[in-house]
């Protein structure tokens with residue numbers, strides 16, 4: 001009994017009475033995953049709105065004589081609508097820490113960046129901002145994604 005108390009007092013003097021749990025790897029860098037999820041959700045909402053505007057009011061965007069890549073504005077509206085909806089769902093899945101969610105986040109952020117690149121002629125300012133944010137999301141998930149394990 002006294003031996004147990006001595007061990008407890010030594011553990012207390014070192015600052016902790018319980019050993020660290022195995023498998024828990026939460027570090028301050030987990031904030032980057034929260035950042036990626038929030039930005040991904042915001043990008044999803046904005047891309048969804050962007051797509052809805054292109055579908056229902058295709059005169060809203062000014063397009064130069066070179067036009068858009070491959071499709072007309074309405075088709076790109078539908079593409080943006082789908083990407084936006086999937087990005088929102090992916091943002092919530094990312095917080096689960098699952099590997100499939102991280103892979104899907106990188107895939108959707110990449111697809112969104114490419115879609116924004118092709119839509120650059122219609123709305124350059126937003127497209128550039130979205131591409132930069134997509135790159136930040138990809139970086140956060142690739143570098144720090146493992147730190148939010150399920």
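In case you wondered, yes, glycine gets a Cβ from its N, Cα and C as well.
The compositional bias 'Polar residues' feature in TrEMBL is assigned to 1-13.
For 32-146, the entry in TrEMBL reads domain 'DUF7144'. Per-residue confidence over the domain 'DUF7144' (32-146) averages out at a pLDDT of 86.
Summarising the annotation, TrEMBL assigns region 'Disordered' to 1-24.
Listed by sequence, the residues of this chain that lie at least six past the ends of the transmembrane segment (32-55) yet keep a Cβ under 8 A from its Cβ atoms are 61, 73-74, 76-92, 94-95, 105, 108-109, 112, 115, 122-123, 126, 130, 133-134, 136-137, 140-141, 143-145, 147-148. TrEMBL lists 32-55 (among others) with the feature transmembrane segment.
Taking Cβ pairs closer than 8 Å, the transmembrane segment (75-95) reaches residues 33-34, 36-38, 40-41, 43-56, 58, 68, 101-102, 104-105, 108-109, 111-112, 115, 118-119, 122, 141, 148 in its own chain, all 6 or more past its ends. Residues or ranges marked as transmembrane segment by TrEMBL: 75-95 (among others).
Sequence-distant contacts of the transmembrane segment (100-119) (same chain, six or more residues past either end, CB-CB distance under 8 Å): 36, 40, 43, 47, 68-70, 76, 79-80, 83, 86-87, 90-91, 93-94, 126-128, 130-131, 134-135, 137-138, 141-142, 145. Annotated transmembrane segment per TrEMBL: 100-119 (among others), in sequence order.
The list of residues near the transmembrane segment (125-143) in space but at least 6 beyond its ends in sequence, with Cβ under 8 angstroms from a Cβ of it, reads 29, 32-33, 35-36, 39-40, 42-43, 46-47, 50, 94, 102, 105-106, 109-110, 112-113, 116-117, 119. Here TrEMBL flags 125-143 (among others) as transmembrane segment.
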